[in-house]
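> Please find one structure pasted underneath; my questions will follow.
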Amino acid sequence: MMKSNQSTVSEFILLGLPIQPEDQAVYFALFLAMYLTTVLGNLLIILLIRLDSHLHTPMYFFLSHLAFTDISFSSVTAPKMLMNMLTHSQSISHAGCVSQIYFFLLFGCIDNFLLTSMAYDRYVAICHPLHYTTIMSQSLCVLLVMVSWAFSSSNGLVHTLLFARLSLFRDNTVHHFFCDLSALLKLSSSDTTINELVILTLAVVVITVPFICILVSYGHIGATILRTPSIKGICKALSTCGSHLCVVSLYYGAIIGLYFFPSSNNTNDKDVIVAVLYTVVTPMLNPFIYSLRNRDINGALRKTLSRRLCSH
């Protein structure tokens with residue numbers, strides 16, 4: 001712990017999840033199962049898309065990158081949380097904390113841009129079907145992913161460098177299960193005005209703008225469906241956009257609940273629980289949402305399994 005009211009720190013203490021000590025073993029088993037499901041489920045989607053040529057389309061190109069990002073995003077926080085629960089240790093080094101901040105922001109930001117790219121892909125597929133292959137070219141898809149990585153890397157680097165310059169802290173006890181930037185800034189006795197201003201500014205670009213783009217895309221999709229109302233058209237739109245809408249609702253629902261309805265108490269238990277939703281639960285559910293009732297994914301899985309069985 002800290003020896004004075006203001007000093008430098010070499011490590012932080014992560015208080016973890018708001019659970020009783022006697023329940024640690026149960027929650028460890030639960031979160032380990034969820035993390036393994038996240039990794040294996042998303043890896044399966046990546047492999048199926050790579051192995052089946054019928055899935056080499058813009059939609060599945062973005063989905064494979066989203067699956068990789070989900071694995072990475074969950075891996076930033078879950079292994080350390082599980083290790084702390086297993087060893088009953090709560091410490092993380094200052095360097096480890098800085099690294100966690102960077103990669104958390106990196107993959108979280110990429111998630112936003114990939115979901116936006118997928119919404120645009122669905123918009124073009126439904127609203128401009130005749131020009132779909134021309135608009136959604138391979139070069140555009142690669143460019144969108146590259147821009148997502150470049151901007152997300154810059155965003156994470158800016159926040160990380162601004163945090164690293166903070167030298168004095170009133171306390172080193174973090175009321176979270178990972179190094180959450182907002183929770184860490186509350187502990188600093190240095191001036192965090194610039195940090196908070198940059199967070200607000202970049203949050204508009206990273207969260208608000210992509211969310212608005214997604215809403216606009218689905219607004220146009222809805223208008224297109226209403227102009228040509230038919231059971232077949234509605235079913236096609238639902239099968240095409242339903243899974244993506246579910247993922248967007250889960251992801252942005254958690255973010256809106258966390259940042260637009262913040263906790264009024266100091267323990268921030270609600271913030272920790274909501275963080276579990278978008279760092280552990282949502283990445284785990286995404287493979288099930290995208291594969292459930294998805295004939296292309298299910299067909300690719302059956303084809304791959306039958307090939308493996310026949311080879312033996």
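Each residue, glycine too, has its Cβ placed from N, Cα and C.
For reference, Swiss-Prot lists these features for the protein:
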{"type": "TRANSMEM", "residues": "29-49", "note": "transmembrane segment"}
{"type": "TRANSMEM", "residues": "58-78", "note": "transmembrane segment"}
{"type": "TRANSMEM", "residues": "95-115", "note": "transmembrane segment"}
{"type": "TRANSMEM", "residues": "143-163", "note": "transmembrane segment"}
{"type": "TRANSMEM", "residues": "197-217", "note": "transmembrane segment"}
{"type": "TRANSMEM", "residues": "241-261", "note": "transmembrane segment"}
{"type": "TRANSMEM", "residues": "272-292", "note": "transmembrane segment"}
> Can at least 3 Cβ pairs under 8 A be found between the transmembrane segment (58-78) and the transmembrane segment (272-292), with each pair 6 or more apart in sequence?
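Counting Cβ pairs under 8 Å, at least 3, so yes.
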> Which residues, given as numbers and ranges, are at least 6 beyond the ends of the transmembrane segment (29-49) yet have a Cβ under 8 Å from it?
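Tertiary neighbours of the transmembrane segment (29-49) are 55-56, 60-61, 63-64, 67-68, 70-71, 74-75, 78-79, 81-82, 85, 280-281, 283-284, 286-288, 290-291, 297, 300-301, 304.
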> Mind checking which residues of the chain, 6+ beyond the ends of the transmembrane segment (197-217), have their Cβ under 8 Å from one of its Cβ atoms?
109, 112-113, 115-116, 119-120, 122-123, 152, 155, 158-159, 162, 181-182, 248, 252, 255, 259
